[in-house]
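K.L.:
Under the heading domain 'C2H2-type', TrEMBL lists 9-36, 40-67, 68-95, 96-123, 124-151, 152-179, 180-207, 208-235, 236-263, 264-291, 292-314.
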Amino acid sequence: MSHTGEKPHQYNQCGNVFIHKDNLIRHQITHSTDTKKKQYQCDKCGKGFSMKGHLTIHQNTHTGEKPYQCDKCGKGFSMKGHLTIHQNTHSGEKPYMCNQCDKTFSNNSNLRTHQITHTGEKPYLCNQCDKGFAWKCDLRKHQRTHTGEKPYLCNLCDKAYSQNSELINHQMTHTGEKPYMCNQCGKAFLRKSDLRKHQRTNTGEKPYLCNQCNRAFSQNSDLRKHQMTHTGEKPYLCNQCGKGFSMKGHLTIHQKTHTGEKPYLCNQCDKTFSNNSNLRTHQIIHTGEKPYLCNQCGKGFARKSDLRKHQRTHIYWGETISVQPVR
């Protein structure tokens, strides 16, 4: 049956189907009220599991162990299922088709994620702020913004993260690995999402549309950030003073005002800064660069804010302005 793709064993409680009966039995355990006690607990983060095998797989996220290796490129994975999904990227196989729009996917998980774009369903609600999520894992990630929990620890520098994907990305900064390469210019990237972003700079594609004002974005994350300007939502709260932020990066920058941490060092004068943006602004002092030009008189400025101040002298006379850095 594994050759034909037939899955004769269906669980009527959730509709999931399985090739082998023993897989169905294992799945039923996840619905069982007796085993929801999750007696197998991770000694690193306290997360509970109903099956010992699931605990073992989870523990690999803490140890960094990746026993499943791709025979094409040597990339390692902590779970066999993740290896199978990855191997489809080499073969180009996309056997999972959406019955709404015929779009195809390399794995069932990506298909299910896509199908929610048709239904708009968000069944998982946060008990702190009532925000809804399409997936339970997204709810868990969101809840960590309330609790500040960071269970994923780097075994090389002890830096902690709230999401396993963030830990994996961070660990590549130690190895220098950049596995995702642009087929247009050869530039390599740490993350697949960064490669996609880069490729859109070449194509100009902006597939993410705001349903409030029809503004389009090349990245879904930029759309979500933009939508908060309509809702006023600030889900990222500082645990020191309670101040809210619409973006996690802004919270991180703000928190350094409490700790006094200034990890960004100027390589010209050794002055330090709490965030990379301030460092870049400072470095212009050394380079003399003035990338922001006034479209009325051509005068250049190092900072966008200084250009805006200057342009008010033109606005006084009723002239039209725009703010664009020199490319």
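Using the three backbone atoms N, Cα and C, a Cβ is placed for every residue, glycine included.
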K.L.:
Using DSSP, break the domain 'C2H2-type' (236-263) down into helix, strand and coil residues and give each count.
P.N.:
12 helix, 4 strand, 12 coil
K.L.:
By DSSP assignment, list the helix, strand and coil residue numbers for the domain 'C2H2-type' (292-314), in that order.
P.N.:
11 helix, 4 strand, 8 coil
K.L.:
Residues sitting near the domain 'C2H2-type' (124-151): Cβ under 8 Å, six or more positions beyond its termini, same chain?
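P.N.:
Long-range Cβ neighbours of the domain 'C2H2-type' (124-151): 44-45, 47, 62, 113, 116, 160-163, 235-237, 239, 248.
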K.L.:
With Cβ-Cβ distances below 8 Å as the criterion, list the same-chain residues six or more beyond the ends of the domain 'C2H2-type' (208-235) that contact it, or say none.
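P.N.:
Sequence-remote neighbours of the domain 'C2H2-type' (208-235) are 129, 131, 142, 145, 197, 200-201, 244-247.
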K.L.:
Summarise the domain 'C2H2-type' (264-291) as counts of helix, strand and coil residues per DSSP.
P.N.:
12 helix, 4 strand, 12 coil
